[in-house]
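A.B. asks: Sharing a structure below in structure tokens format, with a few things to ask.
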């Protein structure tokens, strides 16, 4: 009885939103969404077709992971054979998770993905629990997951790009005084996003030729690209995808040639030395699944996807299997050149591979191509992270200003700026491995909860039309995998990063009850919202359910 009432309430809510948006005489009001005025009907446009959806997933998924993670996977598996198996299994875990997301995304076709799914999926069982979990996800995603992901990608871009253009000594570390300079320059750019931004970026490039400065520049550049035009960001992503695939195919083709020449000595006896610690394999999965991160990215922009009930799942089943094959063949190519000891001793696996196979010229060109791959993922991550912020603000989990979009460009400008600033902050620690562990630990907590929301919808929304339906046993399996990926690393390799991530997640509850539950509104926030609305010509976004 409760399930039917929840399902009917969900349908009534969507019908209510459509009616209000059509008339534009009132605002969207429901238990799930706070009041959202829709005067002049400003909303995100559905410009992403099937091809764009596939490129979006591939563009975010294929980043620096395939060039950075092989070392981490091999380190915790200790054998070539198990290493390759982990790469394949990680891909299928990502595919299964993406299909679960596709099912619940078809039932709840809104941007924001996990936020909307926990709010309305788990909320269909217990409303307050769903609301708290959705808020905690939005908090964690806004202040930990997306910024750390973007920071890792931008840092990888900087390291690889500068490795390609500098001598063998590599890029130097940034001095404290230079860090102060780039902070000022960053603030100047953020406070003057305009046509002159490109000129300012050029000046920064001339002045600041160091690693961290380059990271800041790239973050700000992507902020500007995503702020100027959604179509420009989409076209840029497609270009990046082509560059990535060409780079990986180069590695694969060379590997096939070497196998044909008989260079298989490192692939023989592949399971020698395999680890006997099953819990440590979870850390290998962290490295492998990091390379596949992005499998759920399209769910964050469903309001901009054409025919989402068809193109969402179809983009997933076309994109992810292709990535699995590319990753497997790339790793095999690595092992036609490097043995275990050499691969583990390399900080940049692909660069070492390039030096051995292609010589010094290849060692210069390949890092630049890899840096483009990482840059493309950073662009896509920033694109989707801004949409998460926007949806979180719609639900009242963030200040109202982040639910606004720019009138002319129809992009969530305030959210892009926020994510850009946070990404820059996370660039400062400069430890990619620690950031990946913190990201993976936090992410799989909420992935597991989203899979649980999918399971809840099986019972509370039985009558909802499903384009794809994942069997319940498979959903239970992926929930158990999520639990394993959260608990096992803490047991095997406890670190301050896991403790800090847990503290930051729970710290969000400090703001939940006064500002979300009791809806306390500060006068200063109202004045700031009004100022930014007028100054940047913003308009609160309507919900695109067409």
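Here the Cβ of each residue, glycine as well, is placed from N, Cα and C on the backbone.
Residues or ranges marked as transmembrane segment in TrEMBL: 50-68, 80-108, 143-162, 174-197, 203-225, 237-260, 312-329, 365-389, 438-460, 472-492, 498-518.
What does the local environment look like for each feature on the list?
C.D. replies: Within the chain, the transmembrane segment (237-260) has long-range Cβ neighbours (under 8 A, six or more residues past its boundaries) at 52, 55-56, 58-59, 62, 66, 326, 329-330, 332-334, 336-337, 350, 353, 357-358, 366, 369-370, 372-373, 375-377, 379-380, 383.
Using a Cβ-Cβ cut-off under 8 Å and counting only residues 6 or more beyond its ends in the same chain, the transmembrane segment (312-329) has close neighbours at 50, 53-54, 56-58, 61-62, 66, 84, 87-88, 91-92, 94-95, 98-99, 101-103, 105-106, 245, 248-249, 252, 255-256, 291-292, 295, 298-299, 302, 305, 467-468.
Same-chain residues lying 6 or more positions outside the transmembrane segment (438-460) and placing a CB less than 8 Å from one of its CB atoms are 2-3, 6-7, 97, 100-101, 103-104, 107-108, 113-114, 117-118, 121-122, 124-125, 130, 133, 136-137, 140-141, 144-145, 148-149, 152, 286, 289-290, 293, 296, 470, 472, 475-476, 478-479, 482-483, 485-486, 489-490, 497-498, 500-501, 505.
Remote same-chain partners of the transmembrane segment (498-518), defined as residues 6 or more beyond its termini with a Cβ less than 8 Å from a stretch Cβ, comprise 131-132, 135-136, 139-140, 143-144, 396-397, 437-438, 441-442, 445, 489-490.
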A.B. asks: Using a threshold of three or more Cβ pairs below 8 Å, and leaving out pairs closer than 6 in sequence, do the transmembrane segment (472-492) and the transmembrane segment (50-68) count as in contact?
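C.D. replies: Checked: the transmembrane segment (50-68) vs the transmembrane segment (472-492), no contact.
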A.B. asks: Could you tell me what the rest of the chain brings near the transmembrane segment (80-108), counting residues at least six beyond its ends with Cβ under 8 Å?
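C.D. replies: Residues 10, 70, 73-74, 116-117, 120-121, 266-267, 270-271, 274-275, 281, 284-285, 288-289, 291-292, 295-296, 299, 302, 308-309, 312-313, 316-317, 320-321, 323-324, 327-328, 331-332, 335, 340, 447, 450-451, 453-454, 457, 461, 464-470, 474-475, 477-478, 481.
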